[in-house]
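First comes the structure, then the notes that go with it.
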Amino acid sequence: MKAPVRVAVTGAAGQIGYALLFRIASGEMLGKDQPVILQLLELPVDKAQAALKGVMMELEDCAFPLLAGMVGTDDAEVAFKDADIALLVGARPRGPGMERKDLLLENAKIFTAQGAALNKVASRDVKVLVVGNPANTNAYIAMKSAPDLKPENFTAMLRLDHNRALSQLSTKLGKPVGGMEKLVVWGNHSPTMYPDYRFATADGASIADAINDQEWNANTFIPTVGKRGAAIIEARGSSSAASAANAAIDHVRDWVLGSNGKWVTMGVPSDGSYGIPEGVIFGFAVTTENGKYTLVKDLPIDDFSQKYIDKTLAELEEERAGVAHLLG
């Protein structure tokens with residue numbers, strides 16, 4: 001048996017956490033031969049800690065052969081101790097009448113503290129995925145608060161947007177998602193992100209040629225993917241938890257086990273490619289191998305695409321400016 005991998009999960013008793021933990025413990029994220037130790041963080045309030053205890057009881061009752069151990073805590077330094085993978089799911093949700101900038105600042109406090117805790121106690125090769133929104137900026141804050149860890153260890157989740165875009169294209173074309181490749185979602189995990197199928201193929205044939213409808217792209221496809229989260233809240237009465245958990249598993253699985261040459265979308269610190277300032281955490285197409293991701297470089301950007309990329313970058317720059325004073 002392999003040595004267990006330590007997986008830290010914040011917001012572990014929340015809706016996404018509940019949809020995530022059982023799949024990690026069953027081996028869906030890291031493979032059916034990889035034992036895991038779950039290190040679970042919840043808020044230091046009685047209700048959250050009691051809920052966490054209940055989730056841990058259920059995990060025990062599944063008798064997962066790969067679950068080598070569990071820790072439940074309200075202390076980030078306990079949760080992140082020697083963590084190989086950290087899924088930062090917990091974030092302050094936007095309350096009624098709350099401005100986006102207030103939400104940014106509330107979350108900045110959380111992710112500054114979590115970045116510092118990771119910096120202090122996590123494995124030096126920890127792979128961090130930020131799921132809690134605003135994910136790109138929260139990942140940026142955590143990265144900046146962990147100066148001893150490599151910036152490339154910090155990523156934000158755009159895989160949900162990527163998967164949503166694949167599904168919309170599948171419906172439009174009547175083709176299965178399994179045969180689709182070379183889709184990319186650029187930018188921020190927000191309604192400004194830009195799902196781009198110019199390079200994408202379905203069973204080897206160009207998707208752009210098959211659709212050949214720029215009006216559908218601009219007026220239906222892009223807004224549908226961008227507003228899908230809001231549509232689910234409207235329909236379900238609460239936010240997309242199972243699909244977010246599924247995307248987190250996809251993101252980490254590909255990062256750790258490799259994407260076999262396929263493009264996947266990850267929010268990663270820019271190296272200056274495509275005119276995105278260095279260090280901004282931005283959605284790019286990447287391929288992954290041996291636990292490392294590589295940006296897909298030199299894709300042509302047409303005027304239509306540039307407009308969307310500029311817009312999502314402007315939003316990220318504005319968010320970054322809004323928290324700059326907290327990062328020294």
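Placement of Cβ uses the backbone N, Cα and C atoms for every residue, glycine included.
For reference, Swiss-Prot has these:
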- HIS189: active site, proton acceptor (ACT_SITE)
- GLY11, ALA12, ALA13, GLY14, GLN15, ILE16, GLY17, ASN107, GLN114, VAL131, GLY132, ASN133: NAD(+) binding site (BINDING)
- ARG94, ARG100, ASN133, ARG164: substrate binding site (BINDING)
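All features noted in Swiss-Prot, drawn onto the structure.
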| residue | record | contacts (Cβ under 8 Å, 6+ apart) |
| --- | --- | --- |
| GLY11 | NAD(+) binding site | GLY17, LEU41, GLU42, LEU88, VAL89, GLY90, ALA91, GLY132 |
| GLN15 | NAD(+) binding site | SER238, SER239, ALA241 |
| ARG94 | substrate binding site | ARG100, LEU103 |
| GLN114 | NAD(+) binding site | THR10, ALA76, PHE80, LEU88, ALA142, SER145 |
| ASN133 | substrate binding site | ALA91, ASN107, HIS189, SER190 |
| ARG164 | substrate binding site | PRO195, VAL225, ARG228, SER243 |
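Those residues noted as binding NAD(+) (GLY11, ALA12, ALA13, GLY14, GLN15, ILE16, GLY17, ASN107, GLN114, VAL131, GLY132, ASN133) have their most widely separated CA atoms at a distance of 20 Å. With ARG94, ARG100, ASN133, ARG164 listed as the residues that bind substrate, the site has a largest C-alpha separation of 24 Å. Residue environment of GLY132 (NAD(+) binding site) contains 25 other Cβ atoms, counted within 10 Å of its Cβ in all protein chains. Within the same chain, the residues at least 6 positions away from ALA13 (NAD(+) binding site) whose Cβ sits under 8 Å from its Cβ are LEU40, GLU42, ALA48, ALA51, LEU52, GLY54, VAL55, listed in sequence order.
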